[in-house]
């Protein structure tokens, strides 16, 4: 039984764990990508590894791209100022 656990753990480490989240995709200076429609956001999000994306109308940061299942290595909008 211990061998099965160890083999499972080793396979998990070899494969790696990919974490995703739903969030506003951000530019390097912590600014959101503003939008007018869903097509541009969906392309931006999927090009960055997300499952999909859409334009969040009237959200916290105005009309901005929201991504579904965005990988952890892609920057997201975090609290604080946009440094343009």
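Quick reminder: no glycine exception, Cβ is built from N, Cα and C everywhere.
According to Swiss-Prot, the protein carries these features:
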type	residues	note
DISULFID	31-82	disulfide bond
DISULFID	35-55	disulfide bond
DISULFID	41-65	disulfide bond
DISULFID	45-67	disulfide bond
DOMAIN	21-83	domain 'LCN-type CS-alpha/beta'
SIGNAL	1-19	signal peptide
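Looking at 35, 45, 65, 67, 82, the disulfide-bonded residues in this record, the fewest other C-beta atoms within 10 angstroms of the C-beta turn up around 82. Ranking the disulfide-bonded residues 41, 55 by how many Cβ atoms sit within 10 Å of each one's Cβ puts 41 at the top.
Put simply, 65 is the one of the disulfide-bonded residues 31, 35, 55, 65 whose Cα lies nearest to the Cα of residue 45 (disulfide bond).
Residue 35 (disulfide bond) and residue 41 (disulfide bond) are 7 Å apart (CA-CA, integer value). The closest partner of residue 31 (disulfide bond) among the disulfide-bonded residues, by CA position, is 65; the full candidate set was 55, 65, 67. Proximity to residue 82 (disulfide bond), defined by a C-alpha to C-alpha distance within 10 angstroms, is shown by none of the disulfide-bonded residues 35, 55, 65, 67. Annotated pair residue 67 (disulfide bond) and residue 55 (disulfide bond), C-alpha to C-alpha distance, rounded: 9 Å.
For residue 31 (disulfide bond), the Cβ neighbour count at a 10 Å cut-off comes to 16, with all displayed protein chains included.
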